[in-house]
Amino acid sequence: MSDADLLAPVSATATGRPDDGHAPAQTKRVTDALLYLDDLRVTFDGYRALRGLSLTLDRGEMRAIIGPNGAGKTTMMDCITGKTRPDTGIALFDGVHDLTKLDEPAIADLGIGRKFQKPTVFESHTVADNVLLALKGPRSGLASLFGWRNRVEAERIDALLVKVGLIAHRGRPAADLSHGQKQWLEIGMLLAQDPKLLLVDEPVAGMTDAETAETATLLREIARDHAVIVVEHDMHFVRALQCRVTCLHEGAVLAEGSIDAVSADPRVVEVYLGR
Amino acid sequence: MTRTRLIDPKGWIFLAALAAFCLVVPLLNLGVAEGSGLHLPTYLVSLFGKYLAFALLALSLDLVWGYCGILSLGHGAFFGLGGYAMGMYLMRQIGPRGVYGNPVLPDFMVFLNYKELPWYWLGFDHFAFAALMVLAVPGLLAFVFGWLAFRSRVTGVYLSIITQAMTFALMLAFFRNDMGLGGNNGLTDFKDILGFPVQAQGTRVALFVATGIALALGYLVARFMTVSAYGKILIAVRDAEPRTRFLGYRPEHYKTLAFTVSAMMAGVAGALYVPQVGIINPGEFAPTNSIEAVIWVAVGGRGTLVGAALGAVIVNYAKTVLTGAMPDAWLFALGALFVVVTLFMPKGIVGSLIERFGSPRAKAKLPPEPEIAPKLAEEGQG
Ligand SMILES: Nc1ncnc2c1ncn2[C@@H]1O[C@H](COP(=O)(O)OP(=O)(O)OP(=O)(O)O)[C@@H](O)[C@H]1O
Ligand SMILES: [Mg+2]
């Protein structure tokens, strides 16, 4: 397949979401990248939130995304997870799945998990039940009425809760957790989901320095066998992730490279770091 | 995983109380001589049976409203459809004993010059077929309605409004004589059910007990659904629907299933109600009936199942007493009750009791606020 084919813009699905969400995957793998975004454009009531965003993520890679408020970081995640449909552009997962044609559950089913900027957990459920609902496995109504999710061993959930440091809170309603604990619970839910790609939006907002450091360690550990994209403003944290960094600005990539290269880039200093 | 037990303490209390009620009422009616002061008149047996049918309707509504956030203002439609299915069976049992003595056609059809039985009346001679329709007709309507609405992500106030429109449309349709279902008079003058005279004391007691059993079974089904992982996801959908999608769940499937099961329960309630009150007419589809059912659930305690059933019995008992004493005051009393409960007891009677005496785990299962009018802001999400 030629580059011209690959880069031909995929027509935007202006008509809305597909009916069943199971659009046929393209048969031929057109790229080796796990995630391939090309020239994504998103407009909200005339405001251009993404203006030709292109980014590729390799299998098993961890990537940190930085950039000023309103740069389009969250909007990019919305496009990847089916929450927002780009006007134009390509978004391919695993080289075969056109993310612009799938809805949220179908994309989650492919193996893309997400932690939201504003931690979103199921407040009236216990911490353990939040993890239970996230566990990878059949998701149909009948399956959850009669299936294995009703017989999950406590140990399996406890192991995950130990990992995110919430084992002492397993029986508490998630509503009772602090902001930072909710962030961790969401990471624990991501682990339970065991996706191929994790999108983690501002995981350390509201955490103490010690908690931030722990989170960095946890994410590095997760990144050993998962691809991860982390959006964060905390530069100490980003440095601790020890991965490639992409800086977004006004809906497009401004700079990309090692943390030292990016933070030394005069354009990055001007729009972001020098604030 | 530590599963919530199918029957928790409040469930045991509820089932035990229901069983006792279903024993004592027949005993006081059949077992005590009519002259005795302890004797319970048969009309009261049927009145209590009606309360239990309403309790089942309230339970079905709580399944979708309390656990899934679907504030249905049209559950009376499913109740009415189940009632009509039973009514059609009861009409067929009249046979040639009608006023006109027509061996095939019910009186109202003779009166309206029908030449033959409309096709949709076929099969209703058989109880088994009618029983199937009691489940299938409300279930199918709920399935189609739910599927279309939930797939288009209609939620909150808009959903409530279209459920109300649904029952209103059905009411108008059933009022028409050419529906072939008795028009505004509805179906009445029933004679037999399963070969037993409907008016007989023994039949009335049996219908009362059957309603009690249906309520217990309905409770167990609703409980099984809500304590399973399915129910946990339903609650998750209620509280944060967009979030469940990013975990790979399809909320529209979950809601449609709950809505359909709930409609079938409401249909059974209607079917048990009709032989006990002796009539079904389009008034059962009136929007106010559906709204009253919502009030029963709010009063008893949304999201508790037991509370919904209790609320239905308490409010309807109050209605019986009040409409007897001051017929005009009832609607005001109902409105006042609703306001008082929303202001001072937002979790309803059972919800407040749990809050005071229940385990912290049980508390967590309760919805944070009674979303009488779910926030419009939520529409924007997702
Ligand atoms: N649903 C929406 N409707 C209208 N405008 C939106 C919407 N979502 C995002 N925007 C706008 O798009 C721009 C990009 O927002 P986005 O949330 O992607 O930024 P961000 O890089 O994540 O910023 P932050 O660091 O503050 O989280 C912002 O100006 C925002 O106001
Ligand atoms: Mg953001």
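Backbone N, Cα and C atoms are what each Cβ position is placed from, and that goes for glycine too.
What TrEMBL says about this protein:
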REGION    B:362-382  region 'Disordered'
TRANSMEM  B:12-32  transmembrane segment
TRANSMEM  B:38-57  transmembrane segment
TRANSMEM  B:64-86  transmembrane segment
TRANSMEM  B:127-150  transmembrane segment
TRANSMEM  B:157-175  transmembrane segment
TRANSMEM  B:205-235  transmembrane segment
TRANSMEM  B:256-274  transmembrane segment
TRANSMEM  B:294-317  transmembrane segment
TRANSMEM  B:329-350  transmembrane segment
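By the Cβ criterion (under 8 Å, sequence separation of 6 or more), the transmembrane segment (B:64-86) is not in contact with the transmembrane segment (B:12-32), since fewer than 3 such pairs are found. Among residues of the same chain six or more beyond the transmembrane segment (B:294-317), those with a C-beta under 8 A of the stretch's C-beta atoms are 10-11, 13-14, 50-52, 54-59, 61-63, 65-67, 71-73, 215, 219, 222-223, 226, 334, 337-338, 341-342, 347-354, 365-367, 370, 372. Distant neighbours of the transmembrane segment (B:38-57): 21, 25-26, 28-29, 32, 75-76, 79, 201, 204-205, 207-208, 211-212, 214-215, 218, 265-266, 268-270, 272-273, 276-277, 293, 296, 308-310, 312-313, 316-317, 320; these residues of the same chain sit at least 6 beyond its ends, with a Cβ under 8 Å from one of its Cβ atoms. Stretch with the most C-beta contacts under 8 angstroms to the transmembrane segment (B:205-235), considering only B:12-32, B:157-175, B:256-274, B:329-350: B:12-32.
The list of residues near the transmembrane segment (B:157-175) in space but at least 6 beyond its ends in sequence, with Cβ under 8 angstroms from a Cβ of it, reads 70-77, 80-81, 84, 145, 149, 181, 183-184, 186, 281-283, 285-287, 289-290, 373-374, 376, 379.
Within its own chain, the transmembrane segment (B:127-150) is flanked in space by residues 77-79, 81-82, 85-86, 88-89, 159, 162-163, 166, 194, 251-252, 255-256, 259-264, 266-268, 270-271, which lie at least six positions past its ends and keep a Cβ under 8 Å from the stretch.
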